[in-house]
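Record features (Swiss-Prot):
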type: BINDING; residues: Gly74, Thr77; note: Na(+) binding site
type: TRANSMEM; residues: 5-25; note: transmembrane segment
type: TRANSMEM; residues: 29-49; note: transmembrane segment
type: TRANSMEM; residues: 66-86; note: transmembrane segment
type: TRANSMEM; residues: 95-115; note: transmembrane segment
Amino acid sequence: MERYLLVALGGALGSLLRYGLGALVQGSLGAGFPWSTLFVNALGSFLIGLTLRLSLEGALSGEARLFLAVGVLGGFTTFSSLSYETLALLQGGEVGKALLYAFGSLFLGLFLAFLGYRLGGALVG
């Protein structure tokens, strides 16, 4: 039961962080492109790579990994928003933006997850 509570609390925290940070980013960069989801998913990808490496190196307990990776980062990142916003761009006739957003999100996320993983290795030694 404790593990479920860790995931639930982490998910609530991650969702609140996504909402607040997303509003800040979108307000700063303006409408016309889903900057907030791109930013949040990119940051979350970096942090999941970092969390994975720290966990593999024994620097995080299993409970901390559940709280951070499954809870906080699971609530923080959002694939459903990426899908919705890509579809909205397509329906608006902005095919180029939609493709840039979808593929850019995927490649940026993978690249940042790799960087986070490498940073975790450097931090642990």
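Glycine residues also receive a Cβ, built from the backbone N, Cα and C atoms like all the rest.
Look at Gly74 (Na(+) binding site): DSSP puts it in a helix. For the transmembrane segment (66-86), the most Cβ-contacting stretch among 5-25, 29-49, 95-115 is 5-25 (pairs under 8 Å).
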